[in-house]
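Notes follow once the structure below has been shown.
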């Protein structure tokens with residue numbers, strides 16, 4: 001076959017794959033939307049995606065048997081690099097960009113304990129159980145092979161469970177589950193790579209080697225965190241001073257994607273983990289860069305990231321469903337599968353240890369036992385575990401039987417947890433009393449809007465419980481500085497007084513209440529940002545005010561802005577969610593705010 005013919009054939013196969021996957025995404029998303037509209041209680045979107053992939057692989061298997069060829073199966077197999085370079089970054093970045101930042105950092109000690117100490121504990125427990133269980137079979141595992149499997153299957157992805165949580169769920173509980181999953185993925189990848197390298201080098205595992213792996217995990221986390229934060233800082237500073245008045249949206253959104261992907265690649269080049277880097281790039285960009293973007297740019301970025309994340313998530317779980325039948329390399333051993341499920345359940349016991357330590361340290365803010373049980377229960381396996389399982393098929397340091405057994409066991413465990421937890425989550429929510437009435441400050445209270453309509457001041461369920469979608473930057477409640485003690489308090493004040501003024505066009509966009517409950521209001525003579533709505537998207541507010549004389553205290557503009565003719569504000573007034581005398585913009589109103597403002601972050605230019 002000539003080079004031209006081979007190239008044409010490769011292109012034809014690529015087109016077939018692309019058309020197939022796009023068609024499946026179309027089917028899966030429409031089915032998921034249909035299910036959501038009819039409020040299916042025990043069958044979530046992730047389960048639907050897997051089912052579509054499973055049915056597709058079954059069709060391919062039957063066609064292959066009918067015509068006696070395997071090429072149809074090969075057409076749906078993808079490379080490992082495609083997962084890591086194309087599918088995972090958008091999911092992780094969107095998670096960081098949309099996360100409720102203040103709530104995330106308040107819960108960070110618990111999240112780190114669950115992700116790092118818990119991830120290491122889970123890996124060890126699963127490895128020991130699998131090592132002992134497989135030692136009585138005709139396919140025994142070495143300890144390093146068992147640790148590779150333990151690291152692989154320790155990655156959690158409770159996206160389905162989070163989507164099923166009711167609106168009144170404690171947001172701290174939501175954030176702990178979400179945060180553990182985000183950082184736990186990186187721990188799983190780090191440990192997987194470390195143990196794979198030991199296997200490749202033929203080294204025996206010692207206590208010193210394992211301790212070294214924990215130190216390596218900590219170093220990789222710090223390095224990846226720094227890479228992501230610094231990359232986002234550079235982007236924020238660039239956007240702050242790049243005062244485009246023409247096609248600003250195209251420039252800003254494009255630069256956001258370039259910087260985000262660059263942080264992922266830089267971390268991988270430096271031997272770190274791109275998942276941690278791109279996650280904290282998203283967190284930092286949302287905090288520092290979004291206030292510098294035009295309102296339309298911020299809205300486009302938010303929606304576009306959600307689209308990319310949804311498509312990639314759909315793709316991964318459909319591909320997982322295909323893997324059940326479309327991969328001839330999979331080897332299924334019922335005994336190993338049962339042992340793995342038991343090992344995972346035992347490995348999740350670290351949840352109670354971490355919460356016990358937290359409740360001892362913070363006796364005034366104890367996590368109820370019912371919530372601890374729900375966090376233990378929510379250890380669903382997902383995208384990263386599957387990506388590592390696909391990667392292990394290329395690991396030539398393991399025997400073919402071990403590779404195929406680990407792959408087959410992993411995908412069955414993932415599918416079992418997805419379907420099983422989909423069915424059990426509504427029952428657990430009811431039995432554990434997770435859907436408790438919200439506190440008075442967050443109760444769904446009907447409040448009058450400026451336009452005469454009535455709104456409800458409650459958070460949405462699922463994805464929106466603890467994402468950064470509140471109208472007042474990050475929090476629907478005032479921030480009491482007196483409650484921010486220790487390192488978190490110092491970090492908050494350093495951010496407010498130093499970093500924000502340097503990196504953004506705003507100083508302090510949040511409402512801050514002192515110990516006496518008095519709110520910091522707009523100084524006399526200054527106008528609120530709400531008075532300058534519906535300005536042209538191409539005009540930046542600092543171009544109207546001079547930029548340097550702006551101080552955003554309580555969402556206000558400097559006196560220089562008084563020269564701008566006010567436009568009638570369409571802001572919604574919500575007395576329960578704003579400080580006295582200030583406007584609070586509803587989610588729908590954020591789209592028409594003045595440039596350099598999105599949702600709660602009203603950046604005065």
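Don't overthink the numbers, they just go from 1 along the chain as shown.
Cβ coordinates are placed from backbone N, Cα and C, and glycine is handled just like the others.
Since we're looking at a predicted model, the values are computed, not measured.
Database features, via TrEMBL:
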{"type": "COMPBIAS", "residues": "596-605", "note": "compositional bias 'Basic and acidic residues'"}
{"type": "DOMAIN", "residues": "30-415", "note": "domain 'Cation/H+ exchanger transmembrane'"}
{"type": "REGION", "residues": "586-605", "note": "region 'Disordered'"}
{"type": "TRANSMEM", "residues": "18-35", "note": "transmembrane segment"}
{"type": "TRANSMEM", "residues": "47-69", "note": "transmembrane segment"}
{"type": "TRANSMEM", "residues": "81-99", "note": "transmembrane segment"}
{"type": "TRANSMEM", "residues": "111-134", "note": "transmembrane segment"}
{"type": "TRANSMEM", "residues": "146-165", "note": "transmembrane segment"}
{"type": "TRANSMEM", "residues": "172-195", "note": "transmembrane segment"}
{"type": "TRANSMEM", "residues": "210-236", "note": "transmembrane segment"}
{"type": "TRANSMEM", "residues": "270-289", "note": "transmembrane segment"}
{"type": "TRANSMEM", "residues": "310-329", "note": "transmembrane segment"}
{"type": "TRANSMEM", "residues": "335-361", "note": "transmembrane segment"}
{"type": "TRANSMEM", "residues": "373-393", "note": "transmembrane segment"}
{"type": "TRANSMEM", "residues": "405-424", "note": "transmembrane segment"}
Cβ contacts the transmembrane segment (47-69)/the transmembrane segment (310-329), at least three under 8 Å, sequence gap 6 or more: yes
Beyond the flanks of the transmembrane segment (405-424) by 6 or more, those residues with Cβ under 8 Å of it: 42-44, 46-47, 50, 139, 145, 148-149, 152-153, 158, 160-161, 164, 317, 320-321, 323-324, 327, 329-333, 336-337, 340-341, 344, 377-382, 385-386, 388-390, 392-393, 398
Segment proximity, the transmembrane segment (373-393) to the transmembrane segment (18-35), 3 or more C-beta pairs under 8 Å: no
Chain residues in Cβ proximity to the transmembrane segment (111-134) (below 8 Å; excluding those fewer than six residues from its ends, i.e. six or more beyond): 104, 140-143, 146-147, 149-151, 153-154, 175-176, 179-180, 182-184, 186-188, 191, 214, 217-218, 221, 335-336, 339-340, 342-344, 346-351, 353-354, 357-358, 375
Same-chain residue ranges lying at least 6 outside the transmembrane segment (270-289) that approach it to Cβ under 8 Å: 84, 88-89, 92-99, 101, 104, 182-183, 185-186, 189-190, 220-221, 223-225, 227-229, 231-233, 235-236, 239, 256, 259-261, 263-264, 384, 468, 495, 499-500, 503-504
Best-contacting stretch, by C-beta pairs under 8 Å, relative to the transmembrane segment (373-393) and drawn from 172-195, 210-236, 335-361: 172-195
Tertiary contacts of the transmembrane segment (81-99), as residues 6+ beyond its ends and Cβ separation under 8 Å: 175, 178-179, 182, 185, 260-261, 264, 274-275, 278-283, 285-286, 301-302, 305-306, 308-309, 311-313, 315-316, 383-384, 386-387, 390-391, 463, 466-469
